[in-house]
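Trainee: Below is one structure. I have some questions about it.
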């Protein structure tokens, strides 16, 4: 006997599922996890540029600027900002030595 005949039967009104155990806690938990996974996947696809740019550049702290002249600080900040402002999803990492 095939799995199709055990689960679904073709009737005049269409395909019907004979699943009487849909109140099983395992089925409910799997449904909730599936829905949450779908929601998180949609958010990831919608906001992936913001999320990954924040993770890659926002959490890193630059080197200490104590004792560095103000002009060099501004130059470093401009180079750091230009590395983050790259469009089209391409990231550039500038390492200053």
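The count begins at 1 with the first shown residue.
Heads up, the Cβ atoms here are built off N, Cα and C, so glycines get one too.
The topological domain 'Virion surface' annotation in Swiss-Prot covers 1-22, and the record cites sequence analysis as its basis. Under the heading N-linked glycosylation site, Swiss-Prot lists 20. The transmembrane segment feature in Swiss-Prot is assigned to 23-43. Feature annotation from Swiss-Prot assigns site 'Seems to be involved in pH gating' to 41. If you look up Swiss-Prot, you'll see 44-97 marked as topological domain 'Intravirion', on the strength of sequence analysis. What Swiss-Prot records for 50 is S-palmitoyl cysteine, and it gives sequence analysis as the kind of evidence. Residues or ranges marked as region 'Disordered' in Swiss-Prot: 60-84. Per Swiss-Prot, the feature phosphoserine maps to 64, 82.
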Trainee: Could you pull out which residues elsewhere in the chain have a CB under 8 Å from any CB of the transmembrane segment (23-43), counting only those six or more residues past its ends?
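Mentor: Beyond its ends, the transmembrane segment (23-43) has no Cβ neighbours under 8 Å.
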Trainee: List the Cα distance (Å, whole number) between the residue listed as 'S-palmitoyl cysteine' and residue 41 (site 'Seems to be involved in pH gating').
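Mentor: Per the Cα atoms, the residue listed as 'S-palmitoyl cysteine' and residue 41 (site 'Seems to be involved in pH gating') stand 15 Å apart.
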Trainee: Note down the number of other Cβ atoms within 10 Å of the Cβ of residue 41 (site 'Seems to be involved in pH gating'), including every protein chain shown.
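Mentor: The answer is 10 other Cβ atoms.
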Trainee: When a 10 Å sphere is centred on the Cβ of the residue listed as 'S-palmitoyl cysteine', how many other Cβ atoms does it contain?
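Mentor: So the Cβ neighbour count for the residue listed as 'S-palmitoyl cysteine' comes to 10.
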